[in-house]
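Okay, so here's the structure we're looking at.
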Amino acid sequence: MAEEVLLAEDGKCVGSLTKSLLAVAFLASFGSSMLYGYNLAVVNSPAEYIKAFYNQTMVARNGTGLDDKTLTLFYSVTVSVFAIGGMVGSLMVGILVTRFGRKGTLVRITCLVFIGGAFMGFSRTFGSPEMIIVGRFITGVHSGISLSVVPMYLGEIAPKNLRGFLGLVPSIFICLGVFIAQILGLHELLGKEEHWPLFLSLVVIPTMFQLMLLPWFPESPRYLLIEKRNVHATITALKWYRSKVNIQAEIEEMQEEQRSMSSVQTVSVFGLLKDRSVRWQVITIVVVNIGMQLSGIDAIWFYTNAIFENAGIPVPQIQYTTVGTGAIEVIAGCVGCFTIERLGRRPLMIGGFTFMGICCAGITLSLMFQSHYISVACVVGIIAGFCIGPAGVPFLITAELFKQSHRPAAYTVAGCLNWLSNFTIGFVFPFLQMSAGAYCYLVFFGVCTAVAAYVFFIVPETKNKTFVEISQMFAARNGMLEEESSELGVFNSLKLAKMNGYGAVDLEYEVIENKK
């Protein structure tokens, strides 16, 4: 068997990409993250068919149809209720991952997809538009939870030198979900009127595979050791994910993180916000997660068809052009995933937001001078710039900037702000466009530039750093002395001995006294 140990620059052993790590990353992303992308795009193709169904149902119930304004309102609710569900789900993340664990949460919330898929799939059978709206809300709750839990889970099971790569795998599957929805939405496939209930309910298929296979994989070793104090389960999980690697050093690193925490109890959102030892970490996740949505990417996705039509692309061909942009998203996501461990987090964030800002300014100029082909190029540039870095890195660094006790609350805050910003931009942008015209994209230029500048001046590089090392990097900025930031509580620390190439438990305990 190939050697599974790599030597880092500092001389410490780091893990390599094992089949188990790759399998769980693909499985968790396929059954959860991909559904988020799919649900974002799935309602675009059958929009007119869904509106016709709403109108026909109201005629059957009341004898009269809906006027255009009411019909548009019904459809807008159908689209936006997904984001509302996502916001509700994000508020549940901290409670769920603390009680059920990371993997346990992903397994349990699969029931939401089956329920939501059933509501949408049988909505036409029962003649109920309300079932579509309820189904979209339930699948939104699932996405709100999984969008935070998947990167949290992968970030905790990955060795530090692969945390960036595995952390961006979900973003590739999000782009892949959008791409699949665009392909299946073509008129030659499921883009016909009789197929739209099936089209909406296909989300149950990836989830079914996840439910069958994910329970066989271990829980996060960090969760098992630091929160559950289950040493034997931790050893078993690490052996599974690290193959022949000696896991002693990694156990000791987890214990160092455990000793550096003031408490092993999970911190609440309120406790996170008032904890001055993580003040700049909190500010960072607020800035990058709000900036991720207010960068204008959602507005670009929403108005892509109109921009392509203005560029002179024939209307029947626009659906194929849109599929092309979906392919660009997947390619850009793969580029980010495979370069993050070489380039680092900062270059992908700074470069991605800067390039998006330039393209937003380019759209304004192209609209002013009626250069439609430049508009198309800028749209493609914004999508590519977003998917290379800003699409996935904010979720990754949310895991990296916080220790075990603060991580669930951090994901709750980040997820809630992400979904709230998503909903806000969808609601405000049409009015912004009406009032500012072509200049509305300069707002997104300003947001992208500001976020890029913040990352450049404030956020340190976290590549190949342990969670404790990252916390210490922020200690000075938070006004905390190193001794204070790593103040030790009274914990039992396990000594590990080598046995047959693995870390084995030596049931000898030592008490770590408080530093005075």
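Keep in mind that glycine also has a Cβ here, set from the backbone N, Cα and C atoms.
Record features (TrEMBL):
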DOMAIN    25-463  domain 'Major facilitator superfamily (MFS) profile'
TRANSMEM  21-38  transmembrane segment
TRANSMEM  73-97  transmembrane segment
TRANSMEM  109-127  transmembrane segment
TRANSMEM  133-153  transmembrane segment
TRANSMEM  165-184  transmembrane segment
TRANSMEM  196-217  transmembrane segment
TRANSMEM  282-303  transmembrane segment
TRANSMEM  318-340  transmembrane segment
TRANSMEM  347-367  transmembrane segment
TRANSMEM  373-397  transmembrane segment
TRANSMEM  409-432  transmembrane segment
TRANSMEM  438-459  transmembrane segment
Proximity verdict for the transmembrane segment (282-303) and the transmembrane segment (409-432), three or more C-beta pairs under 8 Å: yes
Tertiary contacts of the transmembrane segment (109-127), as residues 6+ beyond its ends and Cβ separation under 8 Å: 31, 35, 53, 57, 60, 96, 134-139, 141-142, 145-146, 196-198, 200-204, 207, 210-211
Annotated stretches the transmembrane segment (133-153) and the transmembrane segment (438-459) touching (3 or more Cβ pairs under 8 Å): no
Cβ pairs under 8 Å between the transmembrane segment (165-184) and the transmembrane segment (373-397), at least three: yes
Chain residues outside the transmembrane segment (438-459) and at least six past its termini with a C-beta under 8 angstroms from it: 280, 283-284, 287-288, 291, 294-296, 299, 345-346, 349-350, 353-354, 356-358, 360-361, 363-364, 367-368, 390, 397, 429, 432, 477
For the domain 'Major facilitator superfamily (MFS) profile' (25-463), the mean pLDDT of the predicted model: 87
Remote residues contacting the transmembrane segment (373-397) - C-beta distance under 8 A, at least 6 residues beyond either end: 147-148, 151, 155, 163-164, 167-168, 170-172, 174-175, 284-285, 288-289, 291-292, 295-297, 300-301, 304, 307-308, 310-311, 325, 328-333, 335-337, 340, 345, 347-349, 351-353, 355-356, 358-360, 362-363, 365-367, 414, 418, 451, 459, 462
Non-local residues, at least 6 beyond the ends, that sit with Cβ under 8 Å of the transmembrane segment (73-97): 39-40, 43, 47, 50-51, 54, 66, 105, 108-109, 129, 132-133, 136-149, 152, 223, 266, 268-269, 408-409, 411-412, 415-416, 418-420, 422-423, 426-427
For the transmembrane segment (409-432), distant same-chain residues with Cβ under 8 A (at least six beyond the ends): 79-80, 83-84, 86-87, 89-91, 93-94, 97, 144, 147-149, 152, 266-269, 271-273, 278, 281-282, 285-286, 289-290, 292-294, 296, 298-299, 302, 394-395, 398-399, 401-402, 440, 443
Close approaches to the transmembrane segment (318-340) from elsewhere in its chain (Cβ under 8 angstroms; 6 or more beyond its ends): 41, 45, 164-165, 167-169, 171-172, 174-176, 178-179, 182-183, 185-187, 191, 304-305, 308-309, 348, 352, 379-380, 383-389, 391-393, 463
